[in-house]
Amino acid sequence: MCTRLSTISSFLHALLFASLAFANPDVEFLNANCLDCHSGPESEGALDLTSLMKHTPRATQETDRWIRIYDRVATGEMPPKDYTEVSEVDRTKFLTGLKQDIESVESRKFREVGRVQGRQLTMVQVERSLQDLLGIDIPLAKHFPADPRTHGYTTVADGQPMSLHEMDQHLACVDIALEEAFRRAFNPNSDLFQKRLDYKTLSRTNPRRRCREPEILYDLAVVWHTGMEFYGRLPSTTAKEDGWYRFKLRAKALNQPEGTGVWCSVRSGRCVSSAPLLDWVSSFETQEQMQEWEFVAWLDEGDMIEVRPKDKKMKSGRFQGGQVGAGEGEPQNIPGIAMEWLDVERFHNNGSDEELRQKLFDSLEIVPHKDWRQGKLKTDKPKREIIRLVKQFAESAFRRPVDDKTAQPYIDFAVENYSQTKSVKDALFAGYRAILCSPRFLYLQEQPGELDSYAIASRMSYMLWNSVPDQQLLDLAAAGQLQDREAVLAQVDRMLDDPKSARFREDFTNQWLDLSQIDFTEPDRRLYREYDGLVQQSMVDETRAFVNAMLDEDLSVTNLIDSDFSFMNTRLVRYYGIDGSANDRIERVSLPADSMRGGLLGHGAIQKITANGTETSPVTRGVWVSERLLGKEIPPPPTSVPAIEPDIRGAKSIRDQLEKHKSVESCAACHRHIDPPGYALEHFDPAGQWRQRYRSPGKKNGKWIPGPEIDTSYQLSDGRGFNDLEEFRQRILANPEQLAKGAVGHFLTYGTGSPVQFADRDEVDRIVAHCANTDYGFRSLLKSAIASRVFLTK
């Protein structure tokens, strides 16, 4: 049924566009200024205006071409200045008419089917919804295929598939979620424990055996610094069952290097070569005095944690045969970590078992059993309770009141199950399962035009919490108060201040800034030896903390380009070469006025994401800055144009290669917009460090050799030049409205499931203008976007 809904929705969109047509464009303007170059099969840029004018827009592709024409004429890029001079009167007349035509087409589509087609929940939203509805905490997204990103986001409706295979996976996931919930309800707190592992328990069981577990030294469990895989694994932490675990470690450094502590990493996994992938858990910096650290990890059954020194700048030990024998590390005078004890606690992080039982069964009496399938629910009126609880659960899952007609199929299904099994528990399981597999749960229930109060509550909740609305939102929806702008703004503040907003902050930042792609490449170890996993995680944490500060403090959007602060720990301060103090936790750090680390442009995570691990490309970085920060959509290159491969031998600079590429006029038109930000960032290498020259692999000893000097000078598409990153930033900061529009566009795309349409542009301008008095505060822009007509209509 879900597949049919998606197919029907797409068909209605296509059918509607087939019935629409523009009024005649300003033919006189096109004849006088455009047709010499853009007519016939050999027209420049493959834009044949004679064909486009003859066949008025009847498909999205043609509408998009008219929008591109509008934009290029509006910016003065077309007609070219060396071709003809166009009076502002003629230009304005043409643009005004074309704008009215485009808006007329899009507005009619909005009235008929909405600006966004039927939108389903993403895998993250399904996971969070099931967790909150059922009171469970187990990860579920791993049971789904990764959601595709369209226009940068998984929430965009145009890119959301729902095949039979994916529906089967959803059914399986619902079963896993319900079984976990019912298990905990009928066998409460059976999986919770606390224990302390002393240094003997943490260490190898046979002191004479050469292995990868800690050795006992000075009555402590010791792990030395080495590059050996899985060294520092702790088999005594092996999980007997899946779950969330809280750890508290007491430890100190051995042979601490001068001027720094011993940085250590914590990872989890099987810690064997047959299952080599490990998940990052935490990091900390040990000193010569004993200290304590806490960290939390999800462990699958059979997983353990690994604790080890991890810093590429420290001296590393050498051990034979891939194992470490007791007494082999101390004579090498290498840094290490010495652990006194480790506390382990199994816990639930999304509510207690009692709260879970309330969500599932309300006040029904439970007869517990260690095998939940044998548990029972006691009631004198089983059918009445089944009807009541199934309808109650349907209203929670569907995020709105449910009338008897809507609830009846699910009630009938549950009652029929009871007739066969005589088990209230089994009947509720069947009824809940049917509800969670319904399109009313999987899809946001929105109708064309202004959203009703419950649809607003759901749209707000799935944007800011990635889950179902809470009771306060639903109460406001019932009272009709979410139609009031001030009420919406107040709720956005409340929701952003709620711990659940961490879901939005993480998911939105992952997609907006592509942080989810941080592992897609790895810097070449021959060229960037200082880079390691601890640096990478610190850089990601820096960017997350920065975005959180932007939201919490309503900082100006100009901080995205340049700021006098960032968030670092001592490892990152040292990696960036910054004079300043910090500790082993990410904290706010003031930057000097001449620092290039201010704003997202100076973040190592951004530099790493926008490089290929070996070299950088002004094109890749230029597209990223244009689309992610400046709000400019860059069309993909023609399929006939080959990609530019950097010369890693250092014989040619990337600038030389790009200049040759741009000698083709059809390429130059786009690169005038793409390249400037990329050139401005060329002093940052693929590993996020500052450089003066390119690096090339050396022929001897594996050392890198210096390549050509870096030249960051260039000019913007409007002709304004810049010599370096600082001048580029000043050019961009001269137009903060552009940054604000870019941010609003990303908020609306993520939150509504559709990129900003042409007919939305005036509303975006109003949002930005409304926030001018806050210096375009990041939180103010988000709040105004959510309270806007674009967000509050389908």
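Glycine residues also receive a Cβ, built from the backbone N, Cα and C atoms like all the rest.
Across the domain 'DUF1595' (389-446), DSSP assigns 45 helix, 1 strand, 12 coil. The domain 'DUF1595' feature in TrEMBL is assigned to 389-446.
Residues or ranges marked as domain 'DUF1592' by TrEMBL: 451-578. In terms of DSSP helix, strand and coil, the domain 'DUF1592' (451-578) has 82 helix, 5 strand, 41 coil.
The domain 'DUF1588' annotation in TrEMBL covers 597-693.
Annotation comment: TrEMBL describes 718-791 as domain 'DUF1585'. The average pLDDT for the domain 'DUF1585' (718-791) in the predicted structure is 97.
The DSSP breakdown of the region 'Disordered' (311-332) into helical (H, G, I), extended (E, B) and coil residues amounts to 6 helix, 1 strand, 15 coil. Among the features that TrEMBL reports, region 'Disordered' is placed at 311-332.
If you look up TrEMBL, you'll see 1-23 marked as signal peptide.
Tertiary neighbourhood of the region 'Disordered' (311-332): same-chain residues 204, 207-208, 210-212, 215-217, 222, 224-228, 231, 257, 260, 262-263, 529-532, 534-535, 571, 574, selected by CB-CB distance under 8 Å and a gap of 6+ residues from either end.
The DSSP breakdown of the domain 'DUF1585' (718-791) into helical (H, G, I), extended (E, B) and coil residues amounts to 51 helix, 3 strand, 20 coil.
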